[in-house]
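First comes the structure, then the notes that go with it.
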Amino acid sequence: MDSVDRLKTYLATYDNLDSALQDANESEERREDKYLQDLFIEDQGDKPTPSYYQEEESSDSDTDYNAEHLTMLSPDERIDKWEEDLPELEKIDDDIPVTFSDWTQPVMKENGGEKSLSLFPPVGLTKIQTEQWKKTIEAVCESSKYWNLSECQILNLEDSLTLKGRLMTPDCSSSVKSQNSVRRSEPLYSSHSPGPPLKVSESINLWDLKSTEVQLISKRAGVKDMTVKLTDFFGSEEEYYSVCPEGAPDLMGAIIMGLKYKKLFNQARMKYRL
């Protein structure tokens, strides 16, 4: 009897044959599972790690957040610890410098004895911002009616520019008496002639001198003398007394009153001896 026949005879008389076959099958299954698992690991090792996985892994390593440590803390302590460990990059920075590279500086032009000043808003403003810019310029120009802008002090504050100056009010009762002469015997009066100023008595109506010319003497090079009269500022006697019911101390005082009434006093006193 050959060996195969002997094996069959032995197996036929083996009491634990079923159990042995089951153990053999389970052993074979475990061997195949281990083989497939080892094969999968080897295949994964040959493939490069995806870029998104690398970025996520590196970003986690950049933070000080320690999940293992936080699990040991109370809920309140976890919140405090988490706030302490927030990355600096998450903080919002509002201090962003803004520059207008295409901004055009103001341009002063002169044509035929007239001057013009062109102002240009910064490029890139919205429609609302442009309107706000225009209203700011208009407000500055409007303020020149009440003071001399050239005499104002500019305060450069942290959040604004502030102009400070002496307010000019057209108060007729406080008109400054002229120290310059006005001579009645001459048809032309000067604001810079020697002698005491002409005092007007109660019987003399200053408006009777409405057509009398008064010469304003220039005090700046390049500015010519100018002659003015009351009718340059007032259209009628009623208008004259409606502006200043108390009248003026002299003819030059009335001229100064007219300059203030027309909002020209600040400009005139910069150019002429009043």
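Counting begins at 1 with the first residue displayed.
Backbone N, Cα and C define each Cβ position, glycine as well.
Copied over from Swiss-Prot, here are the features:
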{"type": "COMPBIAS", "residues": "54-65", "note": "compositional bias 'Acidic residues'"}
{"type": "MOD_RES", "residues": "Y14", "note": "phosphotyrosine"}
{"type": "MOD_RES", "residues": "S59", "note": "phosphoserine"}
{"type": "MOD_RES", "residues": "S61", "note": "phosphoserine"}
{"type": "MOD_RES", "residues": "S236", "note": "phosphoserine"}
{"type": "MOD_RES", "residues": "S242", "note": "phosphoserine"}
{"type": "REGION", "residues": "22-65", "note": "region 'Disordered'"}
{"type": "REGION", "residues": "166-202", "note": "region 'Hinge'"}
{"type": "REGION", "residues": "170-196", "note": "region 'Disordered'"}
{"type": "REGION", "residues": "254-274", "note": "region 'Interaction with the Nucleoprotein-RNA and template-binding'"}
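For the recorded site, S236 (phosphoserine), the DSSP three-state label reads coil. Across the structure, S242 (phosphoserine) and S236 (phosphoserine) are spaced 10 Å apart at their Cα atoms.
In terms of DSSP helix, strand and coil, the region 'Interaction with the Nucleoprotein-RNA and template-binding' (254-274) has 15 helix, 1 strand, 5 coil. In the predicted model, the region 'Hinge' (166-202) shows an average pLDDT of 45.
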